[in-house]
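Features as listed in Swiss-Prot:
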type	residues	note
DOMAIN	2-238	domain 'ABC transporter'
BINDING	34, 35, 36, 37, 38, 39, 40, 41	ATP binding site
């Protein structure tokens, strides 16, 4: 379980994240929303240990992140950054196989997991191709498969952090990606995902953290967070919020 308490992060004299406390629960997808510059990626950097908090702490299973060895942490915590750079002509399955480096589970088992993770990311048909020959959206799905393989099949005690995993994807693959994330959480893992699409967050997230100016505005269910007054205050956007006629989650329509 990953928990953050009273996080504050500064860059120079500017506070870029303040007063953030949260706990990622097993089986939960927590969405993070906010305008550009709200502190979403900074929060993810602090949660994975890439950025050090000036105040507050981040605990993984009750222990400070710094107390875990790299291998121990990698078996419990996987991170998909906003941009994943790779300039070598690895085959797709080799890229996904990098997620298995923290383990010694054997080639046969690793190959099975890589194939399963590629299928989960709707990227199985890309196997055998050069990573460099892929489109931006295809690369994004391959990297999703990599972090899924790192924690496969997903269980309580494991945490997946995703920074805008749908940013390069067409509408179909936005949904297949978040369906894969949802299924991963349903097997017991905790997931935090940064999104910009309000309706995707409403459909796939159990709770939503709304950030503005580096500070939390709300942390609650989609029904409680995605209200017209909150979205107007944070995004400057006039919206109608209705109930989805089939699924029951909020449906946000720009006026």
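A Cβ is built for glycine as well, from the same backbone N, Cα and C atoms used for every other residue.
Keep in mind the model is a prediction, meaning the values are calculated, not measured.
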Binding-site residues (37, 39), the one with most neighbouring Cβ atoms at 10 Å: 39
Listed in sequence order, residues not in 34, 35, 36, 37, 38, 39, 40, 41 with Cβ within 8 Å of the centre of the ATP site Cβ atoms: 42, 211, 212, 214
Assigned conformation of residue 40 (ATP binding site) - DSSP reduced to three states: helix
Greatest C-beta neighbour count within 10 angstroms, which of the binding-site residues 36, 41: 41
Residue 35 (ATP binding site), number of other Cβ atoms within 10 Å: 14
Residues that sit under 8 angstroms from residue 38 (ATP binding site) by C-beta distance, when 6+ apart in the chain: 211, 212, 213, 214
